[in-house]
Each structure stands twice: as C-alpha cells, then as structure tokens.
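*Asks:* Features from TrEMBL:
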{"type": "DOMAIN", "residues": "23-249", "note": "domain 'Sugar phosphate transporter'"}
{"type": "TRANSMEM", "residues": "38-60", "note": "transmembrane segment"}
{"type": "TRANSMEM", "residues": "81-101", "note": "transmembrane segment"}
{"type": "TRANSMEM", "residues": "107-127", "note": "transmembrane segment"}
{"type": "TRANSMEM", "residues": "139-159", "note": "transmembrane segment"}
{"type": "TRANSMEM", "residues": "171-197", "note": "transmembrane segment"}
{"type": "TRANSMEM", "residues": "209-227", "note": "transmembrane segment"}
Amino acid sequence: CWKIISFTVGEPQTTSNNPTTLVPLKTLVHTLPLALSYLLYMLITMEAVRGINVPMYTTLRRTTVAFTMIVEYLLTGQKHSLPVVGSVGIILLGAFLAGARDLSFDAYGYAVVFIANICTAAYLAFISRIGRSSGLSSFGLMWCNGIICTPILLFWTSFRGDLEVTMNFPLLFYPGFQVVMLLSCIMAFLINYYVFLNTILNSALTQTICGNLKDLLTIGLGWLLFGGLPFDLFNIVGQALGFLGSCFYAYCKLQGK
C-alpha cells in the first residue's frame, strides 16, 4: 500500500482495489497450486520427522534432488546436462553411504519420507514455474501463499484443537517467550524469502542442492556443541561425497554446463 516493496518483477506493481489481497484475484488463483503444494510439503514433512530416526531421515531426504529433477521435467520440461546428472548421482551415493550403518527398515516411515520428498520437489518446482509465469517477485509469491494458506491453517488448527492449546499456553504473553517467538518468525520469514528468491533466480534443483549443503554445517555444529556422536567412517565418507557432489554441481553451473 505504501509502495515500499513491489510484488512484481521489473515493473511497477499493479494492485487490486482490495486492500486485503493487494494482488488481482486472477493472480491469486494462479498461485493456488503453489499454496496447496506448500501445505502438503509442510504437513507431510512434520509427519516424516516423527516416522523414522534422524540419520535415516537425513539420508532419505537427500534423495529429494532426484525427485526435483523428475518433477522439474514433468512440470516445466527442464532437462539437465550429463555433468549435472552426474553431480546429483554423487550426492545420492553420498547420502546412502552416510546412512549405510542404520538401515533399520520401516515401511511406513520410509513411505512418508519419500512422499515428503515428492511434495518438496513439487513445491520448489511450482515456485520456479509460477514465479516466471505470474510475473510475481519473491514478496508477491510469499504474500499470495500466505493469503491462501492462513485461513486453511486456522481452520485446521481449530479443528484439531491446536489453536485452543496455543491460546491456553501459560507463557504466551510472557516477554521472554514473545521475544523468542518474534525472532523465530523473523528467521522463518528470511528462510522462506531466500528459498523463494534462490528458486526463482536459479532453479528448483539448485535450491535443493543448496539445502543439502547445510547438512555439513549441521553435523559440524552437532559435534562441537552437543558431542556424543560416534565416529563412523561411512558417515564421514558419505558426507564428504555429498559435499563434493554439491561443489561439482556449482562448478558445472558456473561453466554453463
């Protein structure tokens, strides 16, 4: 409303007359697949975390790169060069090596994780596709996503009783909790913004591989801060291969391959 940010790319924003949406209804409907894929991605990922142990969850989640390549091809016809496919293969090999010591099979848990991978791939592919076809910027896509998802989530949390539990939380209005909640919201906004921005400027596959790079930092911080993680050669080699595959992918993109 104050023209501080624009919801479109490269041109002055054309707003609707409705101050609630700030975008034309047609554009809002155009982003509906993105919002629905986001809801599925979020809900199924939460279930996947509870389904299996963390090492296998991390391992199976890295296979999202393969699903992303497939979904990109199906939705946008995007094809990748042989070096890029090879870098993805190295990442997958590293993922399975990292989890080779913990192959406790759980059919339900595995199925939920793979469904979460498909939802993640579809969500990122829709960001890339709708971001280009709608002319919306990262802010515009996030706004439309929030406008659609907020009433659905409010209804769902009310139906499940989560909203009532939240309102009855004894420390809800405690200043310390409010500060932490505010910082959490700011961090969530920044994460979402950069996911949207990276996916629009580069590709869904690039965003997926960038997401995998965080595992190296996560494991390193885990060793330094929490300790207790036993040394395992398969895990070390797998992590190194995953990092190497990600670096090779970056090199291929820089070389225009």
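Placement of Cβ uses the backbone N, Cα and C atoms for every residue, glycine included.
Any TrEMBL annotation is an automated prediction that lacks curation.
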*Asks:* Out of 38-60, 81-101, 139-159, 171-197, which stretch touches the transmembrane segment (107-127) the most, going by CB pairs under 8 Å?
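*Replies:* Stretch with the highest Cβ contact count: 38-60.
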*Asks:* Just to confirm my parser: what is the rounded mean pLDDT across the domain 'Sugar phosphate transporter' (23-249)?
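*Replies:* Averaged over the domain 'Sugar phosphate transporter' (23-249), the predicted model reaches a pLDDT of 83.
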*Asks:* Same-chain Cβ contacts of the transmembrane segment (171-197) under 8 Å, 6 or more residues past its ends?
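*Replies:* For the transmembrane segment (171-197), the far contacts come to 124, 127, 131, 138-139, 141-142, 207.
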